[in-house]
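Trainee: Handing you this structure, nothing more for now.
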Amino acid sequence: MPCEGCMERDNKSTDAAMEFLLLGFSELLCLRVLLFLIFLIVHLVTLAGNVMIFMAVVMEPSRPPMLFFLCQLSVIELCYTLVIVPKALLSLIVVDGSTISFIGCAAQMHLFVALGGAECFLLVAMSYDRYVAICQPLHYFAVMSEGFCLRLAVACCLGGFAVALGLTMAVFRLPFCQSHRINHFFCDVPAVLHLACTQSYTPELPLLAACVLLLLLPFLLILTSYVCIAAALLHVTSVGRGKAFSTCISHLAITLLHYGCATFTYIRPKSSYSPARDKMVSLVYTNITPLLYPLIYSLKNKEIRGVLRKMLRKKKITQLN
């Protein structure tokens, strides 16, 4: 479907001085205050949870690979929420929506996709860590050395950054309609693509390529890791099988949350774009999902629970002294 105002293209659509209007939740006038308070509380709790995990891991002198990856995941989630949530909160304060510059919108989209992509690749690294720990336990510390984990972490960030840069450049080279009203609370890819003055499916090809690189391939690698893990656990006793599988539960839960929301939002044609539905799904993976990550790892990961207990114990001793 052509976008609003496509009959007349904006000659300045590629001008860096152009601004977009983020409509946010302008249709929910009566619930603005309530939504603002809810989002603010969720945002602060999310920040506190991720900072707590980050500080706990940093203060731990001996960090196994899984803790190292959890620390990186917490940093990504911190940046992820800081890129999106403040603008969303602002859209609830401003009645007619908040404006964002052309450069600001491109930067927000790039950071959002880059951090989300880095998280996809990081989940692959974490699944490989579980594969080596369960299938090759005697070689675990030799394979998952500190240097190798650091190279994996850097590769995850660079991979997400590179794919996001290509996607953002492809999207913002398109001609946009005279209507620069983005029916969203941040510059999400489908919402911005909806403003493109084109009736072909060519502009969706970069998004499709990004979905293959950031969603499909990482998910297949994670699936392969868990197939190998399941095959290895068939030859283990039921007690050992339960202990081994318990180390994977938190990673599996986060993988399903992350890939489920991302797949629902991005792997579909432009013609099925629904602003109201997309905003609701975006609320989940930009607010609720980052809030659940610290809770899932704190409750399900034995190493994280141990580190948090040590940190709290040290704090009590310091207070007593």
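Glycine too: its Cβ is placed from the backbone N, Cα and C atoms.
A TrEMBL annotation is a machine prediction, not a hand-curated record.
Bear in mind that the values here come from a model prediction, so they are computed numbers and not experimental data.
Residues annotated as transmembrane segment in TrEMBL: 33-59, 66-89, 109-128, 148-172, 207-236, 248-268, 280-299. The annotation domain 'G-protein coupled receptors family 1 profile' is assigned in TrEMBL to 49-297.
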Trainee: Same-chain Cβ contacts of the transmembrane segment (248-268) under 8 Å, 6 or more residues past its ends?
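Mentor: Residues 116, 119-120, 123, 126-127, 130, 134, 188-190, 207, 210-211, 214-215, 219, 222, 226, 229, 278, 281-282, 284-285, 289, 292-293, 296-297, 299-301.
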Trainee: Counting only CB pairs under 8 A, let me know which of 33-59, 109-128, 280-299 has the most with the transmembrane segment (207-236).
Mentor: 109-128
Trainee: When only pairs 6 or more apart in sequence are counted, do the transmembrane segment (33-59) and the transmembrane segment (280-299) reach 3 or more Cβ pairs under 8 Å?
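Mentor: Output yes: the transmembrane segment (33-59) sits against the transmembrane segment (280-299).
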Trainee: What residues elsewhere in the chain lie close to the transmembrane segment (109-128), defined as a C-beta under 8 angstroms and at least 6 residues from its ends?
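Mentor: Beyond its ends, the transmembrane segment (109-128) has Cβ neighbours at 66, 69, 72-73, 76-77, 79-80, 83-84, 149, 152-153, 155-157, 159-161, 163-165, 167-168, 171-172, 186-189, 192, 210, 213-215, 218, 221-222, 225-226, 251, 254-255, 258-259, 262.
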Trainee: So what pLDDT does the domain 'G-protein coupled receptors family 1 profile' (49-297) average out to?
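Mentor: Averaged over the domain 'G-protein coupled receptors family 1 profile' (49-297), per-residue pLDDT gives 84.
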